[in-house]
Amino acid sequence: MLTAEEKAAVTAFWGKVHVDEVGGEALGRLLVVYPWTQRFFESFGDLSSADAVMNNAKVKAHGKKVLDSFSNGMKHLDDLKGTFAALSELHCDKLHVDPENFKLLGNVLVVVLARHFGKEFTPVLQADFQKVVTGVANALAHRYH
């Protein structure tokens with residue numbers, strides 16, 4: 001999946017990411033850009049507008065939780081399936097989340113990283129992160145296969 005050089009680049013960069021801020025924004029953007037994903041978050045209260053979603057404390061908190069799990073995956077890039085096995089089971093068997101949503105969230109995360117880091121998030125780093133988010137999405141979808 002990733003070369004040693006790519007792993008070093010993404011893990012070094014990830015150390016600069018503020019998971020609370022980036023996670024909340026990424027999940028919020030997912031819910032705004034792909035509104036059908038909101039059905040999994042009905043208990044989060046007001047999701048009636050982009051402003052409501054982006055300022056929703058529960059969205060921000062869950063976004064941080066999502067990126068905390070992603071951070072754990074960044075420590076286990078050689079075993080993403082094992083790292084995300086329990087979350088794959090939860091999202092498949094209990095929450096019935098469409099696995100396509102994992103890909104969407106990964107792509108939104110890449111957009112948010114580019115927005116936050118600008119020129120520092122080079123095209124090469126973006127390509128490396130695209131491999132990571134694809135690997136995480138596949139690991140989360142593993143239970144569905």
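Placed from the backbone N, Cα and C atoms, the Cβ positions cover glycine too.
Pulled from Swiss-Prot, these are the features on record:
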- His62, His91: heme b binding site (BINDING)
- 1-145: domain 'Globin' (DOMAIN)
- Thr11: phosphothreonine (MOD_RES)
- Ser43: phosphoserine (MOD_RES)
- Lys58: N6-acetyllysine (MOD_RES)
- Lys81: N6-acetyllysine (MOD_RES)
- Cys92: S-nitrosocysteine (MOD_RES)
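Spatially, by CA atoms, the recorded positions Thr11, Ser43, Lys58, His62, Lys81 include one closest to Cys92 (S-nitrosocysteine), and that is Lys81. Working note on the modified residues Thr11, Ser43: by count of other C-beta atoms within 10 Å of each C-beta, Thr11 ranks first.
Per-site Cβ counts within 10 Å over the recorded positions His62, Lys81 peak at His62. Nearest neighbour of Lys81 (N6-acetyllysine) by Cα distance, taken over the recorded positions Thr11, Ser43, Lys58, His62: Thr11.
Cα separation, Ser43 (phosphoserine) to Lys58 (N6-acetyllysine), rounded: 9 Å. Helix, strand and coil counts under DSSP for the domain 'Globin' (1-145) come to 116 helix, 0 strand, 29 coil. Around Lys58 (N6-acetyllysine), the C-beta neighbours below 8 angstroms that are at least 6 residues distant in the chain are Phe41, Ser43, Phe44, Gly45. Cys92 (S-nitrosocysteine): 17 other CB atoms within 10 A of its CB, across all protein chains. Regional average pLDDT for the domain 'Globin' (1-145) in the model is 92.
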